[in-house]
Amino acid sequence: MKEIVRALEGYGPPKDKAAEQCGWQAGGALCPGGLCCSQYGWCANTPEYCGSGCQSQCDGGGGGEDGGIDLGSIISRSTFEEMLKHRNDAACPAKGFYTYDAFISAAKAFPAFGTTGDVDTRKREIAAFFGQTSHATTGGWPTAPDGPYAWGYCYKEELNQASSYCSPSPAYPCAPGKKYYGRGPIQLSWNYNYGQCGQALGLDLLNNPDLVATDRVISFKAAIWFWMTPQFPKPSCHDVITGQWSPTGHDISAGRAPGYGVITNIINGGLECGRGWDARVEDRIGFYKRYCDMFAVGYGSNLDCYNQTPFGLG
């Protein structure tokens, strides 16, 4: 039976704490030990913290409903290899970088990842995560061997590195000479994302952004951090795919309904969503469907974001 961890003052902060512990109030930090992060930015695993408004790790126990599911039972080494079949092709710049062991090691830092909900939900989350990240790192083309959706994880860095992706920020100032272009599976970009991610992982990624493209475990951790972390007004990708996100009336009027399409909106909605049919969105869906088929799970509804208003724009 899981130990119940309680804050000293119910919904509010413990008396001996001066600042919030997690969530958007703490730069996207996750609670230790898989604890729930309440809507107010505090850690515990009581219903008050894990229920309505919970920001992350909302199963509260660091290991899914059964208290300790092994992620390896959801995605085996052989499945990983088949999903990312051509990632080590000689033509792929990331050849030899992304490994199953690095993925499993990184995932241990996020106990709710791939372990929330029933088995189908867990499989669907892994399919969605790799669907989005495979698109971000794809080396495929329409007539590629085994099809375009067998070429995810071919890249670990953005091809166009001319932009510094530096947005003035007192909280996450850009380091001299550093660029925050896309790196890793999720193609983490912008100084504020590197800053928040670094805080959550205990790393100085503002001064060392290349760690996301040179350390294979950190690379996966950065991608999973982005996946697990809500950034207002966006929910987390994790909460969407596991059914823990409920759209507000504003979301509904903007066409944002639960499903894989909202995850695309979270990741790159400003460029891809609300524009009608888009080849990039279609590519994301193609990867997702291939992986769902491999896991023998349904796709769910609302796969695209063609008619969704991007978050923050309406």
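Using N, Cα and C of the backbone, Cβ positions are placed for all residues, glycine too.
Of the cysteines Cys22, Cys43, Cys50, Cys92, only one is given by Swiss-Prot as the disulfide partner of Cys36: Cys50. Note: the domain 'Chitin-binding type-1' (20-60) comprises 10 helix, 7 strand, 24 coil (DSSP; helix = H, G, I, strand = E, B).
Of all the disulfide-bonded residues given, namely Cys22, Cys54, Cys58, Cys174, those whose Cα is no farther than the 10 Å limit from the Cα of Cys36 (disulfide bond) are Cys22, Cys54, Cys58. Packing around Cys174 (disulfide bond) is summarised by its Cβ count: 22 other Cβ atoms lie within 10 angstroms of its Cβ, all protein chains included. There are 27 other Cβ atoms within 10 Å of the Cβ belonging to Cys43 (disulfide bond).
Model confidence over the domain 'Chitin-binding type-1' (20-60) stands at 75, taken as the mean pLDDT rounded to a whole number.
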